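Below is one structure, written out as structure tokens, with a few remarks after it.
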Amino acid sequence: MSVSVERFGQGPDLVLLHGWGMNGAVWHGIAQQLAAHYRLHLVDLPGFGNSPLREGSDYSLPWLAEQIAIVLPQKCHLLGWSLGGLVASQLALTQPERLHSLITVASSPCFMARDEWPGIAPKVLTGFNQMLAGDFRQTIERFLAIQAMGSEHARDDIRQLRHWLAERPAPQFAALEAGLGLLADVDLRDELLQLSLPWLRVYGRLDSLVPKASIALLDERYPASHSVVLEKASHAPFISHPQQFVEIVRYFVG
């Protein structure tokens, strides 16, 4: 298993993990601004972009975190968007000594709605699984639309996401299927109570995948962490509000 990483820039090491269905090129819209201050590491998660997934791989969250740990600098700031936020959180729990800080973007320790927990409705994830079996490209298009839903610039956001996605090889079906499984099954709410690293959580108020009702619950659950909500952003705030997003990251990382 070989994890592909695009590296450039100078300064403290900042590793960026993309979300479901995407690849590391999704950060290209803000990469040059960040690279003026940080040594960037844009990772393609296994099965996405230029990181081929071997048949029979155990696509669990601990396994994903282990694969990413292999290509991490000795110590870094780690930023994960959406599903990438789950991977980053797992890494922060299992190898905290490798990280200076954790940043999760439009991510939740528990994506699927459960008793007294707002999240993605189970029927939505079931629907994506069914669509995936029939036409995975159409499924990704649908997911792009949901990610931009609510944004003032939804069409532009989708166009940007589609552009970056097309820069690298299409994702593998096995990774897409397993990734949906992680979004449905993973629940790190209790584990993250023990996290002692500096932790920034960034959200879009209009995000339909990480509903605003969950943000207050997370603020209450993790009082030592910091949260920033972009009022007019949806699930991809670094696409819709790039300048503001870069400023938030720079303020936190330093």
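Just so it is clear, glycine is given a Cβ too, placed from its N, Cα and C backbone atoms.
Record note: Swiss-Prot gives Trp20, Ser82, Leu83, Phe143, Leu144, Ala145, Ile146, Gln147 as substrate-binding, and the candidate from His226, His235 in that site is His235.
When every Cα pair among Trp20, Ser82, Leu83, Phe143, Leu144, Ala145, Ile146, Gln147, His235 is compared, the largest distance found for this substrate site is 17 Å. Ser82 (active site, nucleophile) sits 7 Å from Trp20 (substrate binding site), taking the Cα positions as reference.
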